[in-house]
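Note sheet for the following structure.
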Amino acid sequence: MASILLRSCRGRGPARLAPPRAASPRGSLRDRACLSCTRTLGLTSRESVLSRCCTPAHPVYLCFKGEPLSCWTQRPECQGTAARTTWTPASARLVVTGPQYLPVRGWHSSSPLGEDSVIEKSLKSLKDKNKKLEEGGPVYSPPAQVVVRKSLGQKVLDELRHYYHGFRLLWIDTKIAARMLWRILNGHTLTRRERRQFLRICADLFRLVPFLVFVVVPFMEFLLPVVVKLFPNMLPSTFETQSIKEERLKKELRVKLELAKFLQDTIEEMALKNKAAKGNATKDFSAFFQKIRETGERPSNEEIMRFSKLFEDELTLDNLTRPQLVALCKLLELQSIGTNNFLRFQLTMRLRSIKADDKLISEEGVDSLTVKELQAACRARGMRALGVTEDRLKGQLKQWLDLHLHHEIPTSLLILSRAMYLPDTLSPADQLKSTLQTLPEIVAKEAQVKVAEVEGEKVDNKAKLEATLQEEAAIQQEHLEELKRASEAVKDIQPEVAEATLPGRPGPEPQPPVDDVILPSEVLTDTAPVLEGLKGEEITKEEIDILSDACSKLQEQKKSLTKEKEELELLKEDVQDYSEDLQEIKKELSKTGEEKYIEESAASKRLSKRVQQMIGQIDGLITQLETTQQDGKLGPSQSTPTGESVISITELISAMKQIKHIPEHKLISLTSALDDNKDGNINIDDLVKVIDLVNKEDVQISTTQVAEIVATLEKEEKIEEKEKAKEKAEKEAAEVKN
């Protein structure tokens, strides 16, 4: 377990009439739906749909005081007339790579803006309920049900069933955790989905058997030096230094830091226990989903708004089908060709950018935007932007911000509702209801477990088991698709070409040229321009790893522990925030006299104590390393300058050339994309965040997309700093008031 540690539609052809097909309900997503252009048939049961626009409309960009909107692609809307040839997959280049066995990088993945832990969601839910009660607004209250007393035999059967599913869950979790741990120890990289599954499984194991904290965690800490010796691939080779003592200390620091972060994430994943909870939230969610899926009965608006919050972006995107992913990419004008992981990565980054922009727009005010800015904002969110009045643009943007920021409806659900092209006359609640009907069954299972955790109710072992098995099946399916892509890539190599390249084997004898007789009337000339895409600017997985190694070497040369210190400070902030959230939850429950019923689990308390001990050990290791470096090569006159995390483009290019040869033009293109202010310098810590974000996904991106990722991360950091400053000011004001 200690090893998880290292956390680790371009151009389009003309519209053609489709053959007669069965009628489908309005708002349904067809596999052949092209949602970037309403001229394409198959969206609804209609046989002819007018184009949204007949002239090219180049995208405009929304800017707030020098903070531009990032955009993945820049292309005009399709035209209603000019099209000489039909688009074919051959016009786009799809790069497929096989499985790569790479060392797990010691970098923490960038967390999306606003991603909350279970305890933070519980706190938000309590605050929302109390606020509505104080304001006298509508609060969801389930219908009163007559409590039926169970017989003794029924109670015994329920308990036996509960423990049966609990032991099954424990056995399956243990098998999955052991398999993932073995993959990590052998140098394999866990995907984002696998890491999330591993984190949840560890939280389940500690929840089911709290005594494991006393056995597993100290045992892991004791065996860390042995594991590092037996499994050298667990750490990147760039940890090798001239000083054996310094190398040992750095490895120990890296592993302890990542282990402490992982344990803190596990603590935050474990829900609180509410002794007064009667399981109503789980039953209410089951009844709600049964209404919209089976009976056809319309739930109340309060139910729809309440349960829609559970379908978070990550949960929704990870379980959408490929036709739905393609439809969303086309709606948001993203590349719709590639693997499912690539499409999800594109959508995730776009949704993160939209979420950051929503907060900026809300801060500046919708009324302060110009018409072009309103059109750009609406178009980026999949809403109609052309041929409507300014008041209409402001109205639909204000409605979006109200649903997203005030009602906390996930961005993925809002985008998916736009992709279905539902009538504008439908209310937001009805649009969300229609959207929830299209989600796969696995999403409902995950949301059912989540609602129990947020409300502090007893988690149903059967529901948890079903969700775990479904997620494991999805992970295995991804592995099969990866192997299939690798085998197809091997088949593309012609056997004759492979044999001709063998040493000592003569090549094929040249055949005499044969002139073909071509009749003039049979010659077909294609006058359409060739779509080149991003050829020459793609960044492969191997090049990402080379860039990662170069950053590690540069950090080693600078003898910098800035990254470790920053991660330790973030870990301390997480621990403090967790403690403050616990106190706030008890404070909110004290308003209704229920604070005595809420308690932290025994495993969570034990893990918290262990994390506090590890933080003290990490502080000691950092102090020891700094002392070693000062006693070694770094003297008083050779101290590291103030801007130690800033490197020049020339340094980065030289470091990458030392590892492996990369074409000069690609190096220049990549470094230019990373240098957003064009001053010739790059912050190596920011570069590490981008590498870590891309390295966790098995995708290949372009240098343009790298620049957009940098812009998105910068926006998120600015917003996070503003929110922290605002929270600090509110706390100080509350302390002064008290």
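Even glycines carry a Cβ here, placed using N, Cα and C.
Summarising the annotation, Swiss-Prot assigns transit peptide to 1-114.
Annotation source Swiss-Prot lists topological domain 'Mitochondrial intermembrane' at 115-207, citing a curator's inference.
If you look up Swiss-Prot, you'll see 115-135 (among others) marked as coiled coil, on the strength of sequence analysis.
Counting Cβ atoms from all protein chains shown, THR191 (phosphothreonine) has 18 others lying within 10 Å of its own Cβ. The DSSP secondary structure for THR191 (phosphothreonine) is coil. Among the features that Swiss-Prot reports, phosphothreonine is placed at THR191, with the record citing similarity to another entry.
Annotated transmembrane segment per Swiss-Prot: 208-228, in sequence order.
Under the heading topological domain 'Mitochondrial matrix', Swiss-Prot lists 229-738, citing a curator's inference as support.
Across the residues of the coiled coil (247-283), the predicted structure has a mean pLDDT of 76. Positions annotated as coiled coil by Swiss-Prot, on the basis of sequence analysis: 247-283 (among others).
The coiled coil annotation in Swiss-Prot covers 445-492 (among others) and rests on sequence analysis.
Taken from Swiss-Prot, the feature coiled coil covers 537-626 (among others), and the record attributes it to sequence analysis.
Annotation comment: Swiss-Prot describes LYS596 as N6-acetyllysine.
Taking a C-beta cut-off of under 8 angstroms and a sequence separation of 6 or more, ASP679 (Ca(2+) binding site) has no same-chain neighbours. Residues or ranges marked as Ca(2+) binding site in Swiss-Prot (evidence: sequence analysis): ASP675, ASN677, ASP679, ASN681, ASP686.
The feature coiled coil is assigned by Swiss-Prot to 707-738 (among others), with sequence analysis given as support.
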Local backbone state of ASP679 (Ca(2+) binding site), from DSSP in three classes = coil
Request  = Taking the recorded Ca(2+) site as ASP675, ASN677, ASP679, ASN681, ASP686, identify the other residues of that chain whose CB atom sits within 8 Å of the mean position of the site's CB atoms, giving them in sequence order.
outcome  = VAL646, LEU674, ASP676, LYS678, GLY680, ILE682, ASN683
ASP675 (Ca(2+) binding site) CB neighbourhood, other CB atoms within 10 A = 18
Key: Length of the line joining the Cα atoms of ASP675 (Ca(2+) binding site) and THR191 (phosphothreonine), in Å   = 28
Note = Cα-Cα, ASN681 (Ca(2+) binding site) versus THR191 (phosphothreonine), nearest Å, comes out at 31
